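Single-structure report; data block below.
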Amino acid sequence: ILKQCSIKHEYEGKWNEKSRLTTCDPHNKRTVVNSNTPQEVEAKKEIIFTYDVEYQESDVKWASRWDAYLLMNDDQIHWFSIVNSLMIVLFLSGMVAMIMLRTLYRDISRYNELETQEEAQEETGWKLVHGDVFRPPSNSDLLCVYVGTGVQFLGMVLVTMIFAVFGFLSPSNRGGLMTAMLLLWVFMGIFAGYASARLYKMFKGAEWKKLAFWTACMFPGIVFAIFFVLNAIIWGQKSSGAVPFGTMFALVLMWFGISVPLVFVGGYVGFKKPAIEDPVRTNKIPRQIPEQAWYMNPTFSILIGGILPFGAVFIELFFILTSIWLNQFYYIFGFLFLVFIILLITCAEITIVLCYFQLCSEDYLWWWRSYLTSGSSALYLFLYATFYFFTKLEITKLVSGLLYFGYMLIASYAFFVLTGTIGFYACFWFTRLIYSSVK
């Protein structure tokens, strides 16, 4: 507790570390309680002041010490955000429930009761593409790499948030938060290799070592390249904010020394397991896809699919951007964790709904579209970051603008990988479920 402050002091001779104040000397039992007259501040003149501090033992626990500084005055906004997101989830859950009821109880029972081939020919919709729906997509290796990377990213984010919610990560120590995320990313590499290899073997791939290498290097390589260019720009400005060469070397060492071997271990284990069997047999000749309605155009449906996941998180995104770029503390990890769960559910449900409509229109190319549908929310994230830059920030220098958009590009790319993987696995589960019920 700061008890008092005194100014307008005097001393004899030339000032040094051993000088004593003539107006406040405890050795001579001369103390100043407080200055009665303020001191006039003049240019190039020294100001001498003293202050007294009294330390008192506090009954507040260490984990709650930040509560005085982190008093939340805008919790109503967050609750409105949560309620808004929950409404989106309930709406999508209702649609998914209707689809599942219609699909699993009415469509499947009627389809299984058909007695003749002629009656089966008259059927339309998702049942007609059962012989092509599990046909491996184009660029299946790349899809496996992105899915594995998404699993790695999902594990990192989930564990980091759990630690933050339980108070293990202080909001004041941003370096600790970043260090924890990097370490978790490195050790989650084993799950990336496993997930990508399992999917790769289902697509009848054989070169799992090549796949493991791309899974370990593709996403981190792109992010590291962007980060290195941005850091080189800061180096060019001779800024103290540049990451030292030693730290960069340590990051590369963690990448190739720990993450890459773990991805290979996960890939080996995943590839040795039996391949995932398709619930229905795939035809040798691909079925021709009929002409689609304008609203089922891949680009349109993909862009539409990203709106709701972004809408579920954009209010929380505002507070995160404010924390990063306007030096405010972000401490409401409980809200963030709840919003993250809502994001997972929203991505899964909107992708399932759009995938069902796609299959009903006899378009069986769902693999990549399921990934891109929920992943397109990253595009809206980057557009919102651009809007935030021009409306909330007062950045005029070119270098500062490049840094902002460079880092937000990395964040958007990571968000794309995360949300895309969630949507892909949701559709993967949905299609296997409905087609396993067909005779």
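Glycine is treated like the rest: Cβ placed from N, Cα and C.
These figures come from a predicted structure and were not determined experimentally.
Quick look at what TrEMBL annotates:
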- 77-101: transmembrane segment (TRANSMEM)
- 143-169: transmembrane segment (TRANSMEM)
- 175-199: transmembrane segment (TRANSMEM)
- 211-236: transmembrane segment (TRANSMEM)
- 248-271: transmembrane segment (TRANSMEM)
- 302-326: transmembrane segment (TRANSMEM)
- 332-359: transmembrane segment (TRANSMEM)
- 371-390: transmembrane segment (TRANSMEM)
- 402-430: transmembrane segment (TRANSMEM)
Report task. Establish whether the number of Cβ pairs under 8 Å between the transmembrane segment (371-390) and the transmembrane segment (77-101) reaches at least three, counting only pairs separated by 6 or more residues. Result -> no
Report task. For the transmembrane segment (302-326), could you work out the same-chain residues 6 or more beyond its ends whose Cβ comes under 8 Å from its Cβ atoms? Result -> 77-78, 80-81, 84-85, 88-89, 92, 332, 335-336, 339, 342-343, 346-347, 350-351, 354, 369, 372-381, 384-385, 388, 392-393, 404, 419, 423
Report summary line: Tertiary contacts of the transmembrane segment (402-430), defined by C-beta under 8 angstroms and 6+ residue spacing from its ends, are 143, 146-147, 149-151, 153-154, 157, 219, 222-223, 226-227, 229-230, 233-234, 305-306, 309, 325, 343-344, 347-352, 355-356, 366-367, 370-379, 381-382, 385-386, 389, 393, 395
